[in-house]
Amino acid sequence: MDFLNKKIQKILFICILSFLIVNLTKSEISEVKDVSKFLSVGGGGTGGCQHPIYCNGTLLKTIQLTQVFNDSKTFVDMPMRTSIENVNELFNQLLLNTSKNGGPNKEELAAFLSENFYPAGYEVEPVTPVDWVPNPSFLDEITDPNLVDFARSIHGKWLELTRVFNTSGLCDGCYSSIPVNNPFVIAGSRFREFYYWDSYWIIQGLLVSDMTTTAKGMLRNFGDMITEFGFIPNGGRIYYLNRSQPPLFTQMVNKYFEATNGSDIEFLQEILPILDQEYQWWMTHRTTELTNGETGESVILNLYNVSNNSPRPESYYEDFTDAQSFSSVEEKDYFYSSIASGAESGWDFSSRWMSPSDNTNLTTIQTVDVVPVDLNSILYLNEKILSSFHRTLGNNSMAVYYQAQSESRVDAMQQVFFNEDTYQWNDYNLKTSTNNEAWYTSNILPLFADIQSSIDMDNQEIDLIFKSLANVLIAYPGGVPTSLISAQSLQWDGLNVWPPLQYWIIESIMTPNTTFSNMIGKNLIDRWITTNFCGWNSTLESEGGMMFEKYNANYIGVPGGGGEYVVQNGFGWTNGVDLYLLKKYGKSITLNSC
């Protein structure tokens with residue numbers, strides 16, 4: 001069908017949103033250190049960071065474009081030893097003293113930073129989680145002794161990855177971190193702070209490890225973010241305050257509620273208005289209206305759309321350099337907005353967001369004009385969960401509201417995304433008015449959200465999906481590739497195998513519970529756990545057992561590659577996915593040969 005894009009010009013559901021905001025009492029708002037002095041109200045519903053050191057200004061531009069560090073993120077994670085005013089005064093003096101030579105060189109800038117800044121991550125401290133125990137009960141659910149050792153090692157990594165922000169010895173505004181009240185688990189390596197969507201899998205792993213106190217503390221942190229900013233930022237740094245990430249908070253709360261057997265009603269009562277508030281943010285600031293050219297019917301779906309007209313501070317050099325491909329301010333602004341929106345998607349970056357005519361070239365990025373299948377699948381599941389939560393608390397009118405929202409979304413997704421020939425769901429491009437029919441793991445994510453129960457898709461039709469994808473789902477020893485498009489600069493493509501996507505693929509396959517889908521799912525679970533186990537085992541003596549951020553589909557136990565930084569170890573979401581699978585399927589997992 002032919003759809004024409006219309007930008008939403010009015011605030012949706014304003015009455016409900018106003019009610020929710022008014023009824024957030026002070027008792028529900030935790031104390032967090034104020035960072036509002038460095039925020040301004042930006043487009044797209046976020047308060048963009050205006051910090052003169054970490055987000056804007058000559059100092060940031062000079063440091064990043066000189067490439068004092070190989071990784072642009074290093075500088076913006078370095079706390080200041082003295083006030084903003086002093087740092088700027090000293091920097092201006094440096095510029096004056098070196099003006100005859102064309103400005104400071106890399107060595108002079110490095111010396112300036114050493115004198116006036118602490119090392120990156122100085123204010124982030126390890127902490128021992130209060131609820132960690134050496135022998136969690138889930139280990140009894142695993143049959144293979146090798147996998148028991150593997151699981152115990154992963155469980156032990158929570159001790160290595162749990163952090164707190166400690167800014168007590170730093171001056172006001174002298175750091176980029178967003179302080180929170182409770183300990184949190186980081187991803188690892190360069191990712192020194194908490195991240196929004198990573199935490200969905202981290203929290204699942206914590207719940208498997210019986211660490212409900214730590215998990216609940218992280219949920220409270222996110223609730224505080226929504227109360228403070230209206231949404232959950234990409235991560236725990238002020239330079240992330242112009243964007244969010246895939247909205248998985250509602251599903252995190254649901255996982256906690258399930259793990260505690262629905263007993264923590266008091267917490268649900270506390271957090272539900274905040275979940276409502278986040279939902280309304282996404283429905284107010286991240287929507288597009290599409291009209292059916294044949295029937296005139298309009299539908300509303302969500303997309304990533306960050307208002308941004310400058311390089312991301314943590315990737316300043318890369319963004320600035322790429323933007324030089326454009327001659328006009330309008331083109332650069334579109335690029336910067338789409339780059340930030342690609343980061344908001346979590347898939348930073350993928351051919352999904354590129355121009356169909358040149359989909360391996362990052363400078364063709366057009367994320368703001370792509371309506372994604374996975375985002376709308378996430379929100380569909382959120383709507384069903386929110387309806388259930390409100391029904392649990394006796395809020396029948398809100399339960400009916402969310403049920404209606406989910407039904408409207410299913411109808412819209414079927415109209416806009418569904419391919420009747422392949423039985424897959426494909427992203428929709430607003431510029432070309434066409435669907436992207438290439439294979440991506442996101443193509444079957446609606447099955448994870450159990451859309452099949454709402455559209456009367458029978459088991460035979462579901463099996464047709466998996467049979468048509470058998471060459472992708474079972475052909476690679478290291479797991480299911482993100483796409484079949486190869487581009488070295490696009491890490492969310494090609495042969496990279498990402499833990500969150502493997503989780504979603506496995507759950508999408510296992511949710512329908514057909515004989516064929518269960519067979520395919522079992523095969524994939526075995527391959528995925530094998531590649532993680534082998535990567536861990538081969539580095540056990542030298543590195544203590546490495547858990548990578550991503551893996552290579554072609555090889556067992558080998559990390560993936562590409563993108564803006566080297567492959568990372570740790571790793572929060574890998575640990576969470578593996579613990580979840582080891583508990584759920586631990587009695588039946590078969591390790592393949594390394």
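Placed from the backbone N, Cα and C atoms, the Cβ positions cover glycine too.
Counting Cβ atoms from all protein chains shown, Asp348 (active site, proton donor/acceptor) has 23 others lying within 10 Å of its own Cβ. Taken residue by residue with DSSP, Asp348 (active site, proton donor/acceptor) is part of neither helix nor strand, so it is coil. Swiss-Prot lists Asp348 (among others) with the feature active site, proton donor/acceptor.
Glu549 (active site, proton donor/acceptor): 27 other CB atoms within 10 A of its CB, across all protein chains. What Swiss-Prot lists as active site, proton donor/acceptor is Glu549 (among others), and the listing cites similarity to another entry.
Sequence-distant neighbours of Gly346 (substrate binding site) (same chain, 6+ apart, CB under 8 A from its CB) are Trp197, Gln245, Pro246, Pro500. For Arg190, Trp197, Asp198, Asn234, Arg243, Ser244, Gln245, Arg312, Pro313, Glu314, Gly346, Glu564, the entry in Swiss-Prot reads substrate binding site, with the evidence type similarity to another entry.
Non-local neighbourhood of Asn56 (N-linked glycosylation site): Cys49, Gln50, Ser310, each in the same chain, at least six residues away, with C-beta under 8 Å from its C-beta. Taken from Swiss-Prot, the feature N-linked glycosylation site covers Asn56 (among others).
Residues near Asn70 (N-linked glycosylation site) in space but far in sequence (CB under 8 A, at least 6 apart, same chain): none are found. According to Swiss-Prot, the N-linked glycosylation site annotation covers Asn70 (among others), on the basis of sequence analysis.
The annotation N-linked glycosylation site is assigned in Swiss-Prot to Asn97 (among others). If you take the C-beta of Asn97 (N-linked glycosylation site) and look for same-chain residues 6 or more apart in sequence within under 8 angstroms, you find none.
Positions annotated as N-linked glycosylation site by Swiss-Prot: Asn166 (among others). The C-beta environment of Asn166 (N-linked glycosylation site), restricted to residues of the same chain at least 6 apart in sequence and closer than 8 Å, consists of Glu123, Val124, Glu125.
According to Swiss-Prot, the feature N-linked glycosylation site maps to Asn242 (among others). Secondary structure from DSSP puts Asn242 (N-linked glycosylation site) in coil.
Take the CB of Asn261 (N-linked glycosylation site) and look out to 10 A: across all protein chains shown you find 7 other CB atoms. Under the DSSP three-state reduction, Asn261 (N-linked glycosylation site) is assigned to coil, being neither helix nor strand. Residues annotated as N-linked glycosylation site in Swiss-Prot: Asn261 (among others).
According to DSSP, Asn305 (N-linked glycosylation site) sits in a coil region rather than a helix or strand. All protein chains shown were included, and the count of other CB atoms within 10 Å of the CB of Asn305 (N-linked glycosylation site) stands at 24. What Swiss-Prot lists as N-linked glycosylation site is Asn305 (among others), and the listing cites sequence analysis.
The feature N-linked glycosylation site is assigned by Swiss-Prot to Asn361 (among others). In the three-state DSSP scheme, Asn361 (N-linked glycosylation site) is classed as coil.
Non-local contacts of Asn395 (N-linked glycosylation site) by the CB criterion (under 8 A, 6+ apart in sequence, same chain) are absent. Annotation comment: Swiss-Prot describes Asn395 (among others) as N-linked glycosylation site.
As annotated by Swiss-Prot, N-linked glycosylation site applies to Asn513 (among others). In the three-state DSSP assignment, the secondary structure recorded for Asn513 (N-linked glycosylation site) is coil.
If you look up Swiss-Prot, you'll see Asn537 (among others) marked as N-linked glycosylation site, on the strength of sequence analysis. Long-range Cβ neighbours of Asn537 (N-linked glycosylation site) (same chain, at least 6 residues apart, Cβ-Cβ under 8 Å): Phe150, Gly545, Gly557, Cys594.
Among the features that Swiss-Prot reports, signal peptide is placed at 1-27.
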Which of Asn242, Asn361, Asn513, all glycosylation sites, has a Cβ with the fewest other Cβ atoms inside 10 Å:
Asn513
Who sits close to Asp198 (substrate binding site): which same-chain residues at least 6 apart have their Cβ under 8 Å from its Cβ?
Ala187, Phe191, Gly572, Trp573
Would you mind listing, in sequence order, the residues at least six apart from Pro313 (substrate binding site) in the same chain with a Cβ closer than 8 Å to its Cβ?
Cys49, Tyr54, Cys55, Leu60, Gln64, Ser72, Val76, Tyr239
Inter-residue Cα distance where the pair is Arg243 (substrate binding site) and Asn305 (N-linked glycosylation site), in Å:
9
Hey, how far is Glu549 (active site, proton donor/acceptor) from Arg190 (substrate binding site), Cα to Cα, in Å?
11
Counting Cβ neighbours within 10 Å across all chains shown, tell me which of the binding-site residues Arg190, Arg243 comes out on top.
Arg243
Going by Cα-Cα distance, pick out whichever of the recorded positions Arg190, Asn261, Asp348, Asn361, Asn513 is nearest to Asn242 (N-linked glycosylation site).
Asp348
Rounded Cα separation (Å) that holds between Arg243 (substrate binding site) and Asp348 (active site, proton donor/acceptor):
13
